[in-house]
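The structure appears below as structure tokens.
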Amino acid sequence: MARGAVTITPVDGPIRGNAAPPGSKSITNRALLLAALAEGTSHITGALKSLDTTLMARALRQMGVDVTEPDATTFVVKSLGRLTAPSEPLMLGNAGTAMRFLTAAVTLCEGKVVVDGDAHMRKRPIGPLVAALRSVGITATDTDGCPPVTVTGAGRFGAGRVEIDGGLSSQYVSALLMAAACADGPVEVALTGPEIGARGYVDLTLAAMRRFGADVEQTGAQAWRVAPTGYRAAEFAVEPDASAATYLWAAAALTGGAIDLGTPASAFTQPDAAAAAVIASFPHLPAEIEGSQMQDAIPTIAVLAAFNENPVRFTGIANLRVKECDRIRALATELNRIRPGLAEEQGDDLLVHSDPTLAGQRLPARIETYSDHRIAMSFALAGLRIEGITILDPACTGKTWPEYWQVLDGLGVRLS
Ligand SMILES: O=C(O)C1=C[C@@H](OP(=O)(O)O)[C@@H](O)[C@H](O)C1
Ligand SMILES: C=C(OP(=O)(O)O)C(=O)O
């Protein structure tokens, strides 16, 4: 979308209709990488085509993998089952999955690989993953704990035990697990440090690995053993994106409407599907929402909370400070831009002082997105009930949902 800003006209009744979220970003980027590590031709259908998956596909092409796109939701990946060191750095924008997954996977190249991202990505921590790679004998350096990362691959992932602190990001754990199946012996991936947030993403990784032929078993509450099977090409169907679904669930809840997504909440395997039940309790959201297992849904629920009957405290969300932007700060700042005093940061908690009378008011606010797709998509929801909400930089939704504004338009939401 070329427009520099979009203003949402509040709806005058419940939103009803059909609207499907795009394919899952998390699953598409796992499938792309696993298909690239498999010898043969894989078909990935129902896939997300967005900036994050385009960056992953481009990086794989740079490493000699043939990735084609016969239609708007399919990737065909033809690979010899190995990656060759690219001549140029892999530039991964602000795609956390691509950045973390590839940092571990490029150890399978022979030679030096630079893995880098944009200015936002260069502030997102990757030190624990790089330290884990070093602990198994891989030459790898980061830049003050962040990208760019330089990895000198030896053409294989070392066998043995690798420990990882996934406290800052579960993506480190997923990255190691996926690369580990290409080692020359069994690898044990063991968690150290605190319990990881968003553990459901590790389950998503294990499921995708198994679909591409991996043999991985959980050996304890905090450890997995990955057999050195490599991967087999597969026919892989991606399910719709649960984080994207939260905007549709919330749009329906906030307007008293009903949107048929074509997929029931119970059919999603992604962690953010847990948000469906929380959103369904609106306008009686719980007084405390522990967000560690549905982190990407928190911006959606926080905006919804502004219209709730009672205040909501969000806990367990410290990791939101190291996402595309500091989402705790961004949510508090932008909610307060709509009406001062609406939200506050308390340590790493976010407290939203709800006010059901916000609906129907005119409260002009130009919402800063911090280049974060979820800030843009979630604050658009406020515009369904409040007059005067303008989202700056609406194109940033292209990271995971380029068609977001068209989908709202298709549901009868007026945008100008
Ligand atoms: O593994 C994944 O696909 C993801 C894991 C989560 O990140 P962290 O593991 O960094 O919390 C989530 O926020 C991100 O959007 C996708
Ligand atoms: C945190 C997110 O993305 P990533 O970590 O994959 O950049 C997200 O999509 O909300």
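Glycine too: its Cβ is placed from the backbone N, Cα and C atoms.
Here is what TrEMBL says about this protein:
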| type | residues | note |
| --- | --- | --- |
| ACT_SITE | D296 | active site, proton acceptor |
| BINDING | K25, S26, R30, S169, S170, Q171, D296, N319, K323 | 3-phosphoshikimate binding site |
| BINDING | K25, G96, R124, Q171, R327, R374, K399 | phosphoenolpyruvate binding site |
| DOMAIN | 14-408 | domain 'Enolpyruvate transferase' |
| REGION | 1-22 | region 'Disordered' |
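Around the Cβ of Q171 (phosphoenolpyruvate binding site), the same chain contributes G96, T97, R100, F101, Y201, each under 8 angstroms and 6 or more positions distant in sequence. A Cβ distance below 6 Å to any atom of ligand 2 is met, among the recorded positions G96, D296, K323, R374, K399, by G96, D296, K323, R374. Put simply, D296 is the one of the recorded positions K25, S170, D296 whose Cα lies nearest to the Cα of R327 (phosphoenolpyruvate binding site).
Of all the binding-site residues listed (K25, S170, K323, K399), K25 sits in the most crowded Cβ setting, with the most other Cβ atoms within 10 Å.
The recorded positions near ligand 1, defined by a Cβ under 6 Å from one of its atoms, are S170, D296, chosen from K25, S170, D296, K399. Look at the binding-site residues R30, R124, R327, R374 and count other Cβ atoms within 10 Å of each Cβ; R124 has the fewest. Taking Cβ-Cβ distances under 8 Å and a sequence separation of 6 or more, the neighbours of the residue listed as 'active site, proton acceptor' in its chain are S243, T246, D272, K323, R374. G96 (phosphoenolpyruvate binding site) is surrounded by 23 other CB atoms, counting those within 10 A of its CB over all protein chains shown. R30 (3-phosphoshikimate binding site) sits 16 Å from K399 (phosphoenolpyruvate binding site), counting Cα to Cα.
Summed and averaged per residue, pLDDT over the domain 'Enolpyruvate transferase' (14-408) gives 97.
When every Cα pair among K25, G96, R124, Q171, R327, R374, K399 is compared, the largest distance found for this phosphoenolpyruvate site is 19 Å. In this structure, the CA atom of K399 (phosphoenolpyruvate binding site) is 9 Å away from the CA atom of K25 (3-phosphoshikimate binding site).
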